[in-house]
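K.L.:
Sharing a structure below in structure tokens format, with a few things to ask.
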Amino acid sequence: MSRGRSFIFYFVLFLFFGSSALYSQVTGDLAGDRQALLDFLNNIIHPRSLAWNTSSPVCTTWPGVTCDIDGTRVTALHLPGASLLGVIPPGTISRLSELQILSLRSNGLRGPFPIDFLQLKKLKAISLGNNRFSGPLPSDYATWTNLTVLDLYSNRFNGSIPAGFANLTGLVSLNLAKNSFSGEIPDLNLPGLRRLNFSNNNLTGSIPNSLKRFGNSAFSGNNLVFENAPPPAVVSFKEQKKNGIYISEPAILGIAISVCFVIFFVIAVVIIVCYVKRQRKSETEPKPDKLKLAKKMPSEKEVSKLGKEKNIEDMEDKSEINKVMFFEGSNLAFNLEDLLIASAEFLGKGVFGMTYKAVLEDSKVIAVKRLKDIVVSRKDFKHQMEIVGNIKHENVAPLRAYVCSKEEKLMVYDYDSNGSLSLRLHGKNADEGHVPLNWETRLRFMIGVAKGLGHIHTQNLAHGNIKSSNVFMNSEGYGCISEAGLPLLTNPVVRADSSARSVLRYRAPEVTDTRRSTPESDIYSFGILMLETLTGRSIMDDRKEGIDLVVWVNDVISKQWTGEVFDLELVKTPNVEAKLLQMLQLGTSCTAMVPAKRPDMVKVVETLEEIERD
């Protein structure tokens with residue numbers, strides 16, 4: 001009996017420690033991934049911080065890191081354009097055994113191909129393009145049975161293209177362009193391959209039959225024999241004469257001049273027609289449903305030309321021309337190329353440019369403001385971006401990054417899927433998802449914006465571009481203001497298009513130059529915003545000339561029809577009449593014609609918070 005009890009005791013003890021060890025192993029996986037990432041970070045040069053906070057969760061706060069749906073393992077690492085330099089520390093990334101996607105392109109990484117990456121058996125896509133890796137590639141890829149994308153373009157790899165690529169039977173995309181591969185191309189029988197680029201190497205021989213379907217352009221810039229498209233034969237004038245097709249040299253010269261004249265004439269006509277069409281398009285630009293940012297942004301070739309500018313200012317900033325400049329704390333990791341290829345949805349057009357919703361490679365969604373008519377120098381633009389980017393307040397939408405090149409000026413913000421205050425106030429109708437805003441939500445919008453503006457004013461700055469389309473809701477459910485400081489970068493707003501009229505409708509009467517905004521003029525614009533929120537009326541309404549909310553509200557009040565001012569949605573709310581009147585009085589005081597008679601934002605915040613408490 002004693003022996004039986006001992007057996008049961010040890011068996012239970014075995015189960016306890018065994019299950020504890022198993023539990024420790026399972027829960028330790030994410031900790032192991034975390035340590036692998038930290039070992040990678042601590043052993044590689046990274047002039048720009050990756051913002052991997054050791055005290056915060058890996059899966060939700062570390063830029064570039066993606067975990068599985070349960071948050072137990074790291075499955076993707078996206079660090080393109082993250083300013084990583086040097087050799088990848090061995091035994092770091094390769095410890096992420098559940099990794100499926102690895103993107104380290106557009107950095108300054110060097111050394112041989114990281115052989116330990118072949119240990120990543122779950123890998124589906126790897127992108128190491130646009131770095132400085134060198135040497136030959138491994139020959140055996142038997143462990144990469146799940147790989148679909150292999151992108152090694154623009155490095156310094158050499159040697160022959162491995163015949164082992166033929167074992168990557170799931171491969172869909174293979175890019176080895178702009179390296180120094182030599183020798184003949186192996187016969188890669190990969191029926192699932194859809195994209196291939198072997199251009200600009202030192203390859204010789206002919207194109208294998210299995211790869212001819214990709215066309216000659218996929219193999220250009222090599223020493224290959226193109227059997228299906230031989231180069232045109234060069235026929236001398238003597239041979240032409242022998243065949244009875246001799247034309248004298250003066251005649252040829254005359255024909256050439258005539259042809260050139262016709263060509264130049266046609267080109268001139270085409271340019272003029274395109275210019276006229278472009279001018280008309282800019283005046284009545286339609287709202288596209290979806291487009292690529294690449295259609296509007298410069299190519300890498302165009303951006304690279306900026307480095308050749310002789311301007312001293314350009315030379316000083318040469319190292320930053322093709323970069324996305326991030327601010328501290330930005331939970332993003334991408335470069336200009338990511339923006340060029342990002343899927344983009346047009347959100348709206350304002351007087352300072354157009355806004356897009358962009359989906360990045362790692363599925364993160366951002367809002368990109370493409371600025372237009374920037375008149376300041378690059379130095380002044382960057383200075384203003386630094387000022388705006390360093391405004392830190394929960395009620396001011398943070399500027400996450402910006403791009404400053406000769407061709408483009410871009411600002412990157414977090415994308416708000418709920419939409420702006422303008423959209424939520426004036427959405428088309430209920431069947432399109434528009435839900436009328438209740439009293440509490442409108443009040444919290446105004447409290448948040450007031451606090452954000454108050455903070456901006458304490459920095460001796462003015463916002464200058466307050467309107468409902470620039471107001472969003474933060475994570476705490478209060479208003480948040482975006483796009484501060486833009487008027488300083490452009491010419492005065494005087495145009496009569498709809499976007500300009502909306503800005504001018506919010507403008508204080510004393511402001512004759514939109515670049516000369518003040519805290520007092522911000523308060524006037526905020527007063528318009530409050531009246532818009534209380535009345536539910538769009539300042540542009542259905543009429544081209546819109547309405548003057550201040551005049552309309554004062555007119556209604558003077559006729560003692562104050563109750564007619566408020567949006568019906570607010571009137572239906574019980575027990576808020578006194579609060580509505582108090583907020584209306586605050587709005588009208590903010591829109592006083594004399595700046596000195598307007599309350600400051602401290603007083604505005606106090607009044608709004610008092611209304612909320614009551």
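Each position is counted from 1, following the chain as shown.
Positions of Cβ are set from backbone N, Cα and C atoms, glycine also.
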K.L.:
Pick from K364, K369: which one does Swiss-Prot list with L347, G348, K349, G350, V351, F352, G353, M354, T355 for the same ATP site?
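P.N.:
According to Swiss-Prot, the candidate sharing the ATP site with L347, G348, K349, G350, V351, F352, G353, M354, T355 is K369.
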K.L.:
The domain 'Protein kinase' (341-611): mean pLDDT?
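P.N.:
The average pLDDT of the model in the domain 'Protein kinase' (341-611) works out to 84.
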K.L.:
Relative to the Cα of N167 (N-linked glycosylation site), which of the binding-site residues K349, V351, G353, T355 has the closest Cα?
P.N.:
T355
K.L.:
For G353 (ATP binding site) and N53 (N-linked glycosylation site), what Cα-Cα distance in Å is obtained after rounding to a whole number?
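P.N.:
So the Cα of N53 (N-linked glycosylation site) lies 35 Å away from that of G353 (ATP binding site).
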K.L.:
Roughly how many angstrom lie between the C-alpha atoms of V351 (ATP binding site) and N53 (N-linked glycosylation site)?
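P.N.:
One finds 38 Å between the Cα atoms of these residues.
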K.L.:
Give me the Cα-Cα distance between K349 (ATP binding site) and N146 (N-linked glycosylation site), rounded to a whole Å.
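P.N.:
It is 43 Å, counting Cα to Cα.
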K.L.:
For N202 (N-linked glycosylation site), which of these recorded positions sit within 10 Å, Cα to Cα: N53, N146, N158, L347?
P.N.:
N158
K.L.:
Just counting, how many other CB atoms are there within 10 A of the CB of T355 (ATP binding site)?
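P.N.:
Other Cβ atoms found within 10 Å: 23.
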K.L.:
Report, as a single number, how many Cβ atoms besides its own are within 10 Å of the Cβ of N158 (N-linked glycosylation site).
P.N.:
16
